[in-house]
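Annotated in TrEMBL:
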BINDING   Lys99, Gln162, Gly191, Asp222, Lys360  UTP binding site
BINDING   His192  substrate binding site
Amino acid sequence: MATDTAKISQLKSAVANLDQISESEKTGFVNLVSRYLSGEAQQVEWSKIQTPTDEVVVPYDTLAPTPEDPEETKKLLDKLVVLKLNGGLGTTMGCTGPKSVIEVRNGLTFLDLIVIQIENLNKKYGCSVPLLLMNSFNTHDDTQKIVEKYSNSNIEIHTFNQSQYPRLVVDDFVPLPSKGHTDKDGWYPPGHGDVFPSLKNSGKLDALLSQGKEYVFVANSDNLGAVVDLKILNHLIRNKNEYCMEVTPKTLADVKGGTLISYEGKVQLLEIAQVPDQHVNEFKSIEKFKIFNTNNLWVNLKAIKRLVEADALKMEIIPNPKEVDGVKVLQLETAAGAAIKFFDHAIGINVPRSRFLPVKATSDLLLVQSDLYTLVDGFVIRNPARTIPANPSIDLGPEYKKVANFLSRFKSIPSIIELDSLKVAGDVWFGAGITLKGKVSIVAKSGVKLEIPDGAVLQNKEINGPEDL
């Protein structure tokens with residue numbers, strides 16, 4: 001096996017010939033691989049982990065109220081940029097194109113809702129909060145076409161691409177495109193930790209700074225709860241916090257999420273991959289690690305510029321092994337949340353669960369399309385008629401995995417305000433106006449088509465065939 005130095009010099013010359021990507025992408029990629037080979041991603045020393053205090057992870061309800069004067073609010077908002085991570089495809093939900101164009105509710109897509117929210121903000125306060133979309137090479141072309149439909153809105157929309165890196169062949173550490181794989185399969189976007197260098201390399205960072213912008217609010221485009229929050233923005237500006245991660249209390253559904261810890265005097269993100277095996281169960285416990293990262297991040301733009309120019313953002317590397325046409329490849333990624341430890345006066349804010357409403361699967365779509373939520377001015381708001389804080393747990397079988405199949409199997413979305421849990425599997429079809437309460441399990445036997453009639457009310461029922469209805 002070649003030494004690491006030999007590997008890197010061989011890699012450098014191979015990468016130099018990849019004319020599909022820019023010089024900054026080539027440099028960024030080679031630096032990432034060098035860092036990976038040097039093995040600097042050491043595990044944390046478990047005994048040094050401390051639970052962060054309220055100074056470091058600030059409880060949301062202790063934040064100062066926002067200024068009552070609309071002029072003051074306008075001043076705050078004029079310092080803000082909203083950035084949505086828009087690199088993901090809707091493939092897991094059976095959709096083509098960017099995930100952000102899946103219809104969420106009332107025929108409106110994630111992107112529609114985001115634009116409506118910012119439009120309303122700009123109109124209400126007479127400010128001009130711009131929207132940035134960070135695309136990947138997978139979503140760029142489609143997104144360019146889609147944003148044209150917002151050209152008459154009062155909102156400036158900028159798109160830019162995150163880096164495009166070559167996948168690495170595991171056997172000989174040669175980039176896959178160098179072996180003739182020049183189509184999309186040869187490349188990958190290196191995770192959202194790349195948002196910081198990409199903002200700088202695209203020229204967007206300097207443009208925003210020259211317009212007097214100070215903070216960027218970064219969030220996943222599929223998190224319907226990630227709306228602009230004036231209390232958070234006000235707090236960061238007043239306290240000169242360069243970085244803020246929104247965290248929220250863990251439930252049993254979130255045991256794998258990254259958490260914030262105090263470590264050697266710094267606040268940092270602890271991900272499950274960094275946890276030594278013998279401590280994984282402790283990491284997953286809700287007692288010791290009570291919060292998790294929502295990936296709603298607020299970051300000071302000048303600080304991003306300073307750190308990117310100093311090449312100081314050396315986040316933990318997440319190796320993601322894949323296979324392309326039987327060839328084992330590696331893609332090295334980083335996460336934006338892991339950057340917290342490089343910023344000055346970085347904090348977490350422990351926010352209400354309502355700020356974390358991600359749609360990762362059709363089971364989440366069922367929740368947000370149901371009477372559990374309403375849509376007001378582009379905001380998806382939880383129905384106060386539901387008194388239990390937690391959402392019902394929804395488990396839909398593979399027949400429901402794709403959005404089109406999911407939609408065709410429900411004449412209308414059932415009422416689920418009083419539902420605790422729902423399990424559906426097999427060939428099940430729902431009529432209109434159905435109400436589900438308590439614990440409901442509907443599992444059709446193999447080869448049996450099970451139709452739930454219009455207007456049915458199912459409470460604490462287990463259904464395996466028509467005879468149980």
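Note: Cβ is positioned from N, Cα and C throughout, glycine not excepted.
For Gly191 (UTP binding site), the same-chain residues 6+ apart in sequence whose C-beta sits under 8 angstroms from its C-beta are Ile318, Glu333, Thr334, Ala335.
Spacing of the residue listed as 'substrate binding site' relative to Lys360 (UTP binding site) is 17 Å (Cα to Cα, whole number). The Cβ of Asp222 (UTP binding site) lies under 8 Å from the Cβ of Gly88, Lys99, Ser100, Phe110, Pro358, Val359, Lys360, each of these being in the same chain and 6 or more residues away along the sequence.
Considering only the residues assigned to UTP binding, Lys99, Gln162, Gly191, Asp222, Lys360, the longest pairwise Cα distance works out to 21 Å. Long-range Cβ proximity for Gln162 (UTP binding site), meaning a same-chain Cβ under 8 A and a gap of 6 or more residues, is found for Gly87, Met134, Asn135, Ser136, Pro189, Pro190, His192, Asp194, Val195, Ser198.
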